[in-house]
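A.B. asks: As annotated by Swiss-Prot, thiamine diphosphate binding site applies to His85, Gly126, His127, Ser128, Gly158, Ser159, Asn186, Tyr293, Glu373. Summarising the annotation, Swiss-Prot assigns Mg(2+) binding site to Asp157, Asn186.
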Amino acid sequence: MEVKTLDVANFLARIQKQESTFESLSKFSPTQLKELATCIRHRILEVVSSNGGHLSSTLGAVDLIIGMHLVFDANTNPFIFDVSHQAYAHKLLTGRWNDFSSLRQFGGLSGFCNPKESPSDYFIAGHSSTSISLAVGAAKALALKGSASMPVVMIGDGSMSAGLVYEALNELGDKKYPMVIILNDNKMSISKPIGAISNYLSQILTTSIYQKIRDTIKKVLTKMPDSATYLAKRFEESLKLITPGILFEELGLDYVGPIDGHNIELIIATLQRAKEMRKPVIIHAQTLKGKGYEIAEGRFEHWHGVGPFDVSTGSSLKSSAPQSPTAVFSESLESYLTDEKVVGVTAAMPSGTGLDKLIEKYPQRFWDVAICEAHAVTSMAAIAKEGFKPFVAIYSTFLQRAYDQIIHDVGILGLPVRFCIDRAGIVGEDGETHQGLFDIAYLRSIPHMVLFAPRDNASLQQAVAFAYRYNDSPCAFRYPRGSFTLEEGVFVSNEFVLGQAEMLKRGKKILLVGYGNGVGRAYKVYQALITEGYEPSLLDLRFVKPLDKHMLNEVFKTHTHICVFSDSYYMGGVASALLEFMAEENIKDVQLKSFEIKDRFVPHGNTALIEQSLGLDTPHLVSKIKEWI
């Protein structure tokens, strides 16, 4: 029985009880589905304006996600969202409407899909371009189980730039596993519609007529005599030439679109047809980022990821903050651009890494290569070989995606590529997939790699200066998101000298060793211990590779307890480096304790609350140290 009027309260009550969204939505009329989309957008705006999050992409994907849940049962068909920052509507339709107010909060809902949060989230997501590979694997598993279910993928046009997508499409075009891939094109970066002809093609391609023509031609081809086969094949190929999806067609996939990603009736009809085809189908849907929120519709990039804001004006509710490390890095790097050998690259994060203004001012020397971290690194290796000074500005979590290239293309030849690692350490609300905690461990093992870290904005300027001067091997320096823990001006900033640490405070017995942002944490502990009558020393390690062996040999002779602080993992991290040094030097009369992060993935939430949960806030640290000594 069709629902006469959209009773949102009753509908939401049903899905809160985990009743089937699939069955409930099937009773809605197109008008009611549009009303539901409006309600979902209002809820997203309500929460994101309070908590922050990804806004414009998720507003644009609402209609498509409603269509997915109406045509496919998410309980039996794996819904796989690439990155999944656009999947808020999916969360709201799968029993999380009330809990949505906890989005990105410590202990609350993740800003991305996570099976630990809900069985409706098929797979963890956060990094781009993994969805089609996951879908291929899921389709294989379903086939092995004898299931008629199929994966349903949503992937954005930005994610289509990464090589992993085409590795998956290569196999998919050969094996023909049944699945539906929705290409959510919200930037018009793949194919822009052109007038009436484009509209006409879109209408043709979203009906069964086009597919019937293609299927009929293929059947006829098998029955034609050899003399006519050539002409028939050419006729079939000519059909591809009038579609925007030639690339996908040539890979052996069926392409539908482009369609209007906000026309709910068209979306449902297209998805239903794709479902019936029982083969890999790509639906190219064009959507508007920020759909339903007029202020966001006009400023796409600004509204991609946002902090709390006033819905009525769009104004940020964040209080003024000191200059971010990202901004300091950008300004510092620009000061060296009188040297025409200085160049830079980022992978789809120009504003996030501070290279956006440099790309605008110096387009011949700074590049955004899209979501292609591996290509970014390898291309800079060649530039370094030609005598230039490349700076690779990249988030810690995304540099992981280019690890082979760092070793094979940069490391083996010892090329002087500078890795500027933004968002190092605990990044807060983006959670497990984005915490920048691995870089020290995975870079420290690479022969001849130099690793160093600033403690505040002033020393970050010195770090950029050192990277500019250093030309003997690859090097990397890391800095946090938002701000350093250490307040500006506490210590005078000196030049970085290869492999030299800096003693900030001399005391006795207890040595607090900080690295990078860990210096700020160590300094807070230092202040607390001083008030309780202790006299610790405070050392800024500055370089974790190479270590200042002369300084370490000196201080290890005069201290009995070494406390190590760094925003990184213990395994392979700073304490590991110091323990290796102690083993090599046969130092036995010193105890060392790491206050890094142990063997666990760190969840999302406010950074201070995360640190408290990990026992890394000052009261916990001081208590542990006092108990230890």
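Here the Cβ of each residue, glycine as well, is placed from N, Cα and C on the backbone.
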A.B. asks: Which one of the binding-site residues (His85, His127) has its C-beta surrounded by the most other C-beta atoms within 10 angstroms?
C.D. replies: His85
A.B. asks: Taking His85, Gly126, His127, Ser128, Gly158, Ser159, Asn186, Tyr293, Glu373 as the record's thiamine diphosphate-binding set, what's the max Cα pairwise distance in Å, rounded to a whole number?
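C.D. replies: Largest pairwise Cα separation, rounded: 32 Å.
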A.B. asks: Cα within 10 Å of Asp157 (Mg(2+) binding site): which of the binding-site residues His85, His127, Asn186, Glu373 qualify?
C.D. replies: Asn186
A.B. asks: For the binding-site residues listed here, Asp157, Glu373, which shows the highest count of neighbouring CB atoms within 10 A?
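C.D. replies: Result of the Cβ crowding comparison: Glu373.
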A.B. asks: Over all shown protein chains, what is the count of other CB atoms within 10 A of the CB belonging to Gly158 (thiamine diphosphate binding site)?
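C.D. replies: Around the Cβ of Gly158 (thiamine diphosphate binding site), 22 other Cβ atoms lie within 10 Å.
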A.B. asks: Among all protein chains shown, how many Cβ atoms are found within 10 Å of the Cβ of Asn186 (thiamine diphosphate binding site), not counting that one?
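C.D. replies: Excluding its own Cβ, the number within 10 Å is 23.
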A.B. asks: With DSSP assignments reduced to helix, strand and coil, which class does His85 (thiamine diphosphate binding site) get?
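C.D. replies: For His85 (thiamine diphosphate binding site) - judged by DSSP and reduced to three states - the answer is coil.
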A.B. asks: Tell me the coarse DSSP state (helix, strand, coil) of Asp157 (Mg(2+) binding site).
C.D. replies: coil
